[in-house]
Each structure stands twice: as C-alpha cells, then as structure tokens.
C-alpha cells in the first residue's frame, strides 16, 4: 500500500506543483525533508523561504495554528502516514501559495473547512471518516485538480457539492465501505477515477458506476474469492448505458474463473476500448457455459492479461484459449501466465498485435494452421520455442512486420528451409542458441535485426544479401573480427560489443562506409598495426563509436594491457609496408649519395684501404711468434728505391721512420759499394740481415733494371717465411701492364701483396705513416742500450745508378 501511495504522490506533485511553478521561474525553491524521523510535533524555526516541506511517516497527532504561520512561500506540504485525528484547514490560512496538501493515511475523523482558493491537490484518502469529508468550501476550490477522499459511507449528496468542479483525478482510498448509494460515482466530473477497495466490497456496483464516471477507471484490490455475481448467473448481463470509460485497469485481482468471465462479458458491451488486468489470480469450480460468450457489438480493441497465477480449477484449457482468440480484436496480450499452449479459431481473425511473452509455449503452437492475415506484431519472448524454420512458415501466411523471438531455445540447421513474409522488417532473435547458420534463415527485407547473446562466430560470406538492413546487433557473441558489410550495404548501426574481437578486418573498412553508429566496446583488442585504422576511426569520427574511449581497452600485447585505444600510438611507417619500403629506398639513396660525395670530396676509398691495411698489419704483428723473430737480423728494414725517388726517401721516409725514438735500423741504397763484395752479394746480405724490405715503387723504379733484382732476391729469400716481410710503397701509380714481362717477380708481388699508397693530399699523410709504422713494429733480439747510426753506401754503375745505403746502429 505504501508503494502505491508513493507513486500516487509523485504523479500528483508532477501535475500540480510544476504547473504552478512555471509562473515564478526566477524564484528559488527550497525543499525541507523531515520524513521518517519519529517527530511528535512540527519542528520550530523552519526557514521562511521553504517551498516544500515533507513531514511524512512521523508520529504527528495534532497540528497547531502557529506551526506553518511563518512559511509564507510554502507550496507543497506532505503530512501523510502520521496519527493526525483532526484537521483544521484554517491552520494554513497564512500559506497563500499552498497548492499541494497531502494528509492521507492518518486517523482523521473530522475536518474543519476553510477556503484555500489556490489549492490544486488535496488528498484526504485512507482516513477514518464516517462520511466523505466534502463541504461547500471544497466546492469553492476552483483550481482543484486532484482530490483524494475516504469514508465508510458514500452518498450522492456528498458528491453533489463538488459536481461542478472539473477534476483531473479523484482517488477513493477506502479503509472500509459500509454503505454505497448506487449512482453516486457518476455525479463526479473527473477524467480519471482511481479506487482502492477494502475487503468484502460490492465490486460489481462500483464497477458498474465507475464505467459511467470517468474516461480512465482504475480499480485496485479486487478480492472475490466468493463470487458476487451469483445473482446474475441465471440472468442476462445488463448492458450499461451512458458509459464513459475507454480505459479500464484492474490491478491485484483474486477471483474465480466465472467472475472473470462475467467481467469480460460486462465490459465487452461498454465503451471500453482498452482493458488491462494485472496481477490476477483465479481458479475454482466452473459453473457457466463459456461457449455462450457474446462477441457481438463491441468497441474493444485491446486486452492485456499480465502476471496471471492459477489456483486449481477444473476447466479444459482449450476453453480459456479460445475464449480470448475468438474475441477477434486488434491487440491481445497474455503474458507471464505460464501458458503452455494457444489455440486459434479455424477462421481468419483480425488480430494485428499478439503478445504471448513469458510463457512456456513450444513449437506445437505452430503445428496447426493459424489464419492471421492481418497480424503485424508478434511477441513470443521468453518461451520454449526451438525451431526457427517452423516459425517462419507460420509467419509466411501473415502480414507480419515486427517479430520478437528473444529468450527462447531457437536454433537453425542449414538443411531447413525458411519462408518469411516480404513485410517483415524487425526481428529480435537475441538470447537464443543460434550459430552462424542463422544468417541462412533471415527475411530478405529485414531492416532491424537483433542477434545478441547467441553463439555466432562469423558472418558467413555465402548468405543472402540483406539490402534493406539498417541496424544489426551482434553483441555478446563469439566474433573474432569486425564483420564486413558486403551483404549489408545500407547498414547504419552495428553493435558488436562484448565479443572476442582482436582486430578489425580490411573488409569492414572497405564495405561499411555507410555505418554511422558503431558499438565495439569491451572486446579483447590486440593493439597492433592491424588495429591502427580502427583506432584512427575512433579518434577522428565524432559520436560514431559508442562508449569511446572508456570501453575500448587493449588486452594484447601484455605491455599494452589495460591501455585505452586512444592512448596507443602506432606510427604510419611501421604499419604501412609500402611506405616503409619507399622510406628505406630513399634513405639508402641519400646515404649512397652522401658516401659518393665523401668519396669524391674526401678520397674516402683511400682512407678505407689504408685503414684496412693497418688493421691487417696489426693483426699479423699480433700473430707473430717468437720463433719468427729468431732470424739473424741486424736491421729493421731494407729500403730499395730508384735514384729518381731518393729525395722523397731522404726527406720524407727516413725522417718519419726515425721520428719516434731513433732506434730504427735502416739499410738503404746510397751509391757506394762495400769493398770486397759484389753488388749482388751486398744486396742479398742486406736483405738477409733486414727484418723487412721496403720497395718504393714508381715509374722510374720500374724502368731501373737493378730494381727488379732486388724484389727477386727479397721474394725468394723471404718466401719460405712470409710475404709479410715485404712492404710495397706506391709513390706514384704504376699500371701492371707497364711492367715489362721479363720482370715477373715485381708484377707477382704487386698482384699478391697489398701496398701502401703515398697520398697526394698532405692531410692524409698521418694515416699513411701510422700504417707504415705498424707494419715495421717489431723488436730486434740483439738491440740493447744506446746505438750509433752508421751508413754504408755502394755504387754500382753497371746497374743503372741504383744505390744501397746501410744505416746501422751499433750496440754499446
């Protein structure tokens, strides 16, 4: 009861207070709530600017004239659910703006009236009045819209005092009803009549009069366990004249099946177009012949029977089913009734809307021919249906536009044929057991399709093109990729929330250009390059992605887990293979051009060759063993050169070699011979006593005949040890073809042996000398202490003017 009262109070405040509040849009509203505080009197010191005061659910038993005197701005006063026994309306004489007064659910027995011209809502229901608390002052409240009354006796004379008022709602909240004068209710002038009945009330008379009273009639708490219609069992149900009600609502009804049958028969011949019964329980023995129901002469369009509970009764269910389906009206709802089956007459009916939700209907309901040519909406939600193709064959004989088959056990096999009407545009197939094969059993002209919470893994490519589809809901399935729109070219809304989508497909971006709304949140996204276009879509398409960006979070890779997609940065170059290749090619071309420029401008190849030679020499020196040093040598190096290059040898080569510590022993050509020895013997002796031999190569060296013998001697003398003991210095370029064929040794050396090239650029000389010193880096076994440099020169005129100079340091 408290729940009903709360709804009623809320609705009344919305209609009464807000309609008056618009007159003072600039004034500040203040609500003070003292409800459920066990107060025994109205609190003192209330703020004068209070506009709404709630004192409900307390222990107030008396109101003083001074309680609300200071609240000149008060508009809403709620005093329901207290213990007030007497009410003097004059208590509110200083509350000129009061428009809403609720004193329901108290213990009121009397009211002292005072004119409150501004009152719009007055509720005195559920009190202990002996008669209805209505006076002449009540009739003077010209702005009154909602009036709540209660009383043990209801008489015509009471309502006549307010018959001239045009009321919106009248509430009769009755605790007891000992007397009702028939014909009293029709005196009221109200749009809506709301009656809450006490136990053991003559419901029949109130229903009879209520239908004549208001456009909307709602009756609550109908308890007819013992039928009150027994006096009519052998009589014809009277036809009501002057009926006004077009909407009849019965709530919390407990009655026998015969009572329900008679209520329907009574209402059937009235002005009622919409008849709703909620929370109904019926059963018991059946006495009336239900085949005698008179279906003629009615304006009924809609019947709703919701939340039905059965007591044990002895009646064939077929009679119940046919009682409703033979009514042949536009709209019929029987929901939450635990109904296992439904029968239809053999002839065509004019039903346009059928709602059998929340029952236990099975496929058997479609196994008999059903003729519903005008049916446009069918709701079979939350039943036990299993075969989609069976439903399709039933629907093919209708004009169905909207079909709800959600929360069933439906499946579809590929070998089952489906036949849908061309008119079907909306289908709800959610919460079933459909797999991918369901796409082979869809109506061609479907526009809105809901397949959420099924077992769909992919959208098959070999399906019928649904060219009219506008909205597709695939949420809570098992998709691993965003589906493409190749078969849904006009798709505008796509929902794939809560699937197993890791990345977006290329087909989606190529074929879903028309999609305006996409919900793909709460999927385990793999934030790699495959998802880059999808991330860009979310960032730059305003309002398209539902739930962006809180519902779009990376699941893989692990280093990005928990990161929102909007915070993931995937560079274009790392995801675009073509761009990456072009970039690499461009970079390589730039580097190649830079290297070429350096080679031309800085002679880089020469530096590289010299660096390579120095490295090779350094490695060879490190590999040199003490066994290789046991050779009996007195000089570090023997220098062979032509007379033409002597200036370079004396002023460049020798000073650079001696520059380090002066301990280098050099044997070189100078022009004097050693007495007693031939030039050949002296040359061989110098080569044998020198650890390494340097040959300064130039065109003049090649033209000197003696210079070819010196490489020959050195080559053959050191060949058994290593070519590493021969050092070639190319002072000037010498093409190999310029070397005469009669001197193969020099050509062989130049082909096999890497040589040091003297740079023309003086800035490169440092690297040249470093390479040369590295090549000469070895300690003589018998060199100790301080040595004195001696020079030996030999001249041999018979060999073209070449010279051998021995520069030696003797040990002290």
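Using N, Cα and C of the backbone, Cβ positions are placed for all residues, glycine too.
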Stretch carrying transmembrane segment according to Swiss-Prot (options 515-535, 536-556, 557-577, 578-598): 578-598
Residue counts (helix, strand, coil, in that order) that DSSP gives for the repeat 'LRR 5' (119-139): 4 helix, 4 strand, 13 coil
Around the Cβ of residue 140 (N-linked glycosylation site), the count of other Cβ atoms that are within 10 Å: 15
Secondary structure content, the repeat 'LRR 7' (296-321) (per DSSP, counts of residues): 5 helix, 12 strand, 9 coil
Residue 331 (N-linked glycosylation site) CB neighbourhood, other CB atoms within 10 A: 16
Fewest other C-beta atoms within 10 angstroms, as judged across 33, 397, which are the glycosylation sites: 33
Sequence-distant neighbours of residue 428 (N-linked glycosylation site) in its chain (C-beta under 8 A, six or more apart): 381, 403, 404, 405, 406, 450
Structural state of residue 428 (N-linked glycosylation site), classified by DSSP into three states: strand
Listed in sequence order, residues with CB under 8 A of residue 189 (N-linked glycosylation site) and six or more positions away: 163, 164, 165, 166, 167
Spatially closest candidate among 140, 331, 397, the listed glycosylation sites, to residue 33 (N-linked glycosylation site) (Cα to Cα): 140
Nearest-integer angstrom distance between the alpha carbons (Cα) of residue 397 (N-linked glycosylation site) and residue 331 (N-linked glycosylation site): 18
